[in-house]
Amino acid sequence: KSGGWSPLTSDRYQWLEVDLGERTRITAVATQGRYGSSDWQTSYLLMFSDTGHNWKQYRQEDSRGFFPGNSNADSVVQYKLQQPAIARFLRLIPLDWNPSGRIGLRLETYGCPYTSDVVSFDGGSSGLVFRFSPGLRRTSREVVSLKFKTVRNAGTLLHAEGEGGLSLSLELERGKLQLLFRQGGTSPSEPRRLASLGSLLDDQHWHHVVLERRSSHLNLTVDKHTERVQIPAEFNHWDIKQLGLGAVQSLWSQKPVISKRSFHGCLENLLYNGLNLLERAKHNDQQGNVTFSCTEPVSVAVTFHGPQSFLQLPGAAASSSGGVAVGLQLRTWNKAGLLLTFDLPQHGGVVWLYLSEARLRLQIHKAGRVLLELSAGSALNDGQWHSVELNSRGGRLTIAVDKGEGGSAHASPSFPVAIESDLFFGGKSDSQGCRNPFNVFQGCMRLLTVENQNVDLIMVQQKQLGNYSNLQIDMCGIIDRCSPSRCEHGGRCSQSWTVFHCNCSDSGYSGATCHSSVYQQSCEAYKHNGNTSGHFYIDVDGSGPIKPQLVYCNMTEENTWMVIQHNNTDLTRVRPSPGVNQHLVHFAYSTEEQQLSAAISQSEHCEQELFYHCRKSRLLNTPGKACFFPLFSIFNPEKKVTGYVSFPLIGSSSLSLASFPCILVSSFEDASKAEDSGLLVHKESLPVRSLVLGDIQRPGSEAAYRVGPLRCHGDKNFWNAAFFDKETSYLHFPTFHGELSADISFLFKTTASSGVFLENLGIKDFIRIELSSSTQVLFSFDVGNGPLEVRVDSSIPLNDNRWHRVRAERNVKEASLRLDELPAATQEAPADGHFHLQLNSQLFIGGTASRQKGFRGCIRSLQLNGVTLDLEERAKITPGVRPGCPGHCSSYGSLCQNQGRCVERANGFQCDCGLSAYTGVFCHTEVSAIFKSGTSVSYTFKEPYELIRNSSTLPSSIYSDMTLRGENVSLSFRTNQSPALLLYISSYYREYLALLINKHGEEAFILKESRVRSLANGQLHTVSIRRLTDSVVLFSPPSESDELDPDLARLAALGFTGCLSVVHFNSISPLKAALLHPDTSPVVITGPLVQSNCGSPASANPYAAENTHHLSDQSGSVGSGQPLVNAIRTDSALIGGVIAVVIFVLVTGLAITARFLYRRKETYRNQDVKGVKQEDSPDFPFNNQTDSQTVSSENRKEYFI
């Protein structure tokens, strides 16, 4: 008549409970508002129980605890439970209701009866033993399954034993289920843990366990989570002889198998390969001191959820004892929280019992002062039940943890401590007017006692005793958010009552769940970040399961090589061994098989060199077998076969001819030696795992081999790109599956101001990344809690046709978005909501399903959860989309330094260092050489008429212009010698330019109103000279006599010891040509010239500063503020025809010096010339006695590029 259930009071402490009469498999619930009214609930909780106590909240997706309700009084809202609930009692608790009405409900449940066989153990001598007959046939798959429930966190559920005392057991330890392996019958060894699963399994609720043995592994499943482990070798031929439950004895000993406490609780539906063992035990009257029903103690717990939670109990009636006796058990993840407080009215103080840093502490306050403080216990936030006691009798105050086993503390206060007021547990009512100085308690309590009397929490729930707020009574709502751990890639999980945290240190990953790799996916990616050669960790699948691997990235060549070493890259000789016919060698690589395969597959090209030298021995392909594969035959003049060659494949015993195109081995009977080498280039055949050499027992036979490291270059994923030329064009791929964790990364470049990069839709859920404006990227998604958006704004336009990187991640904790190197933007996920991303449509790239807001531009290297989508392959068959995307120098050209020129390539770019005095992948490596006193380098230019005659064959970078409009000279040097001639340039017109250090170790140029300190100090100095003049045509042939100035001649005769680096004259780099291209450059080297890194600022004195001097002249005149003193010996500015560059170089140091002498020794032909009188300079005269010293701290290590 009432049309449904509606309580008198509409608040969150009302519930509707249904007794189904027996345990039932509940599969769905349906709700409806109260008939003909405005009463309905809009959200609610579902609770289940077997006994009407110890309720368990039903959660969807392991997180979402509430169900959306009705929106009116008439419509029916039905929910199918993702996992059926098995219970006798159901309780519905309204959370919210129609604000214009009251709570109103009509409820219907769906399900079917549930039958089971149950047995209970008392934790003492009760047990069951099942022995299997020898004739029981073993199958390739054996399965043991059961359900259990218990209130104890330790005990042995099951013990399976076979021959020889080998056994497996399932044991509870601290509420976790462990799979243990033991050996030895009479003297059992220490158990070895094979797996550990589950948590909080002592919650007195049913848990499902399955132990499955297959041929080579075991699967342990606890509830919905499975762990796979390898079977120990001892179990290869192991059969179960005995299966024991509870307290049982071993087959080989009269002592109990396990010394720990036996299991105390209930087991249900124990099945072995489908055989119901409990039903068999009942019919065979195999009692074993057990009860075939589940008897469980009633324990009422209370859950404190947050800031408004407290439990108030009367304490005045208990004060007759004149003391304090309070006890409780607690369970929490928090390190801090208030447990108990009460006033001392007669004394005017307050007692506080609380947790701090996971320890139990007690303080007594009075007038803001701490009169007494005690602490005991540790690690009380481990999620286990811990008992806490507070006692005060006879002037002695005591606190104890776990009956004193966890610690205790005592004090003898000078004032009485007795209960004279109400007791507050977990918090305090705001109406009391006393601020709580400690954190509120979040956790569970049970077995509360006051003055040794149990507190009836059911009476509290029914408002018949005390008072409470924001509590859940008769249940413990603790959740282990770290089991299973949401932290990926080995991240360490920790938690509080409401959230979990992941410690990603030393994992190689980052983010809220350690999902995203901190490493690049290849050497190619490191190069384009501006890195140079060295060892790097690469993560080929990003956030995927493959671990990062350490490789060497060689970036000194046009291709960027990834080098992976193995344990034997040296030349190895094999001598005859009597009685041994073959020599087998295996190669172990520095990375795992999965890492190797992924790195090889991702690379564009891989190779591995094999060198083989032999005499009367053969290279075999099949270890342990006397077979030969004649891949090719080489005949000697007598038409005899000279040998057979083969090579082992991974998982194969043969090799195609193309894999190893050319290896020469000697005739088997010929005493002569032969050797050859070749490259394995078929990626399917790499890497080389083993090598077999045969016939090593022959007298006089010998062999030697060398297998080089694995070398790969190119990254097919990094440059995989597509160009979208229309807003309506797009690529589509299968549905993206990123239910719990989803990361998306890609690069884009565009000239458009907006467009959708990616979109995938579900029924309600979606995920989308778009360029919302020319300066903003937007990441939006919905997992059922409503749309969530994360934005990143850029201070520069993003439609600048340069590459920009986007990295988006969404997990159960948060969503983040990162653009280029800008700080990441994040949004936290709701604490209690949906977290599974459920998509079902196609994944659209570059557009949307509605073909609106499409993207125009390039997308490159698109990875979803570490998997690269092949945009190029899909673009080949899609109209409006083109594979590839050229134009990388606009983004990466700045990496080319020191006048290096960026050159476009199909996949990437290259720095052309032809016009630079530097070398290296980014033209950043200085080219240096160590000079001795007799060392010189001369660089000779062609005559003008030769230049004209052979201009088509000459490099334009060197002979691009017949007219010199000035000089641009730069170099760096180190020396301890003075005086010294650094550089000398002469022309066919007997003009010259010289750069030198005078006898005082000072530069020849004197800056106005300044004095330069000594430059012959072993430090690094850099000289830069720039002179501009009118254009002069080079045409005069060289003079027959090219005599040096007498002073320069004396100086040159002294020789030079030092270091010269990065010498540059206009577009010529003579030192670089002499060191790197001596055979193809017009250079003449006299004396020893040793390449070195002495030009590096840190090679000699890492604490000395590098000094740079810029000396410039405009049109040969003296510039204001920087006069030249005796620098110009003539008026002319002509450098002509054939120029000889003689470089004397210095070694390690840091300062600079220069002298610029420019002399005209005869007039130009057909020109009027004004003579200039030479002036004597006090800085120019030199004697033959030098102050040179050996260059200190010089790095003489040679290197070649």
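Note: Cβ is positioned from N, Cα and C throughout, glycine not excepted.
A TrEMBL annotation is a machine prediction, not a hand-curated record.
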Cys885 pairs with which of Cys858, Cys913, Cys923 in a disulfide, per TrEMBL?
Cys858
Tertiary contacts of the domain 'EGF-like' (886-924) (same chain, 6+ residues out, Cβ under 8 Å):
524, 527-528, 530, 532-533, 555-556, 558, 560, 604, 714, 718-719, 749, 801-803, 955, 957, 970, 1062-1064, 1067, 1069, 1071-1072, 1076, 1201
Examine the domain 'F5/8 type C' (1-112) against the domain 'Laminin G' (300-476) and state whether at least 3 Cβ pairs sit under 8 A, considering only residue pairs 6 or more apart.
yes
Can you check which residues sit near Cys858 (disulfide bond), meaning Cβ under 8 Å from its Cβ, same chain, 6 or more apart in sequence, and list them in order?
Ala721, Ala722, Phe723, Phe724, Phe748, Lys749, Thr750, Cys885
Can you count helix, strand and coil residues in the domain 'EGF-like' (886-924) using DSSP?
7 helix, 11 strand, 21 coil
Which number gives the other C-beta atoms within 10 angstroms of the C-beta of Cys885 (disulfide bond), all protein chains shown included?
23
